[in-house]
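> Below is a structure I'd like to ask you about.
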Amino acid sequence: QDPYVKEAENLKKYFNAGHSDVADNGTLFLGILKNWKEESDRKIMQSQIVSFYFKLFKNFKDDQSIQKSVETIKEDMNVKFFNSNKKKRDDFEKLTNYSVTDLNVQRKAIHELIQVMAELSPAVKTGKRKRSQMLFRGRRASQ
């Protein structure tokens, strides 16, 4: 049994999360995860879910009675989601810690918006295919 299971059970007790009213109005995350089967789609959803948990855990960082549980689960998330890659985890936490109400963050985000949108565009990845087609046409024309 993974160490996080015992600690998650500990958190369930602490938050009284086993009570029947917790199931009211369905699940938060599990239904969404069921909707997505492709790995890349699931990773997008999982990143938002992991971000939520990191923010939740941050709210309880000073609560000594659950500190061990929170740290154990965060470490296990690091292994499972970030493949124990500290740089990836640090960058992820950096992104989740930006405050959308901070004027400097807002200004920088707007300044970078065009470049970020270009990175999101699948058209960026089609350049290689076009070159290959051009090379092929060039060879055929010279034969």
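Glycine residues also receive a Cβ, built from the backbone N, Cα and C atoms like all the rest.
Pasting the feature list from Swiss-Prot:
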type     : residues : note
CARBOHYD : Asn25    : N-linked glycosylation site
CARBOHYD : Asn97    : N-linked glycosylation site
MOD_RES  : Gln1     : pyrrolidone carboxylic acid
> If you count Cβ atoms within 10 Å of each one, which of the glycosylation sites Asn25, Asn97 comes out on top?
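The most densely surrounded of these glycosylation sites is Asn97.
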> Using DSSP reduced to three states, classify Asn97 (N-linked glycosylation site) as helix, strand or coil.
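SS state of Asn97 (N-linked glycosylation site) = helix.
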> Enter the number of other CB atoms within 10 angstroms of the CB of the residue listed as 'pyrrolidone carboxylic acid'.
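For the residue listed as 'pyrrolidone carboxylic acid', the count of other Cβ atoms within 10 Å is 5.
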> Just to verify a number: CA distance, Asn97 (N-linked glycosylation site) to Asn25 (N-linked glycosylation site), in angstrom, no decimals.
29
> Report, in whole Å, the straight Cα-to-Cα distance of Gln1 (pyrrolidone carboxylic acid) from Asn25 (N-linked glycosylation site).
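Given the Cα positions, Asn25 (N-linked glycosylation site) is 30 Å from Gln1 (pyrrolidone carboxylic acid).
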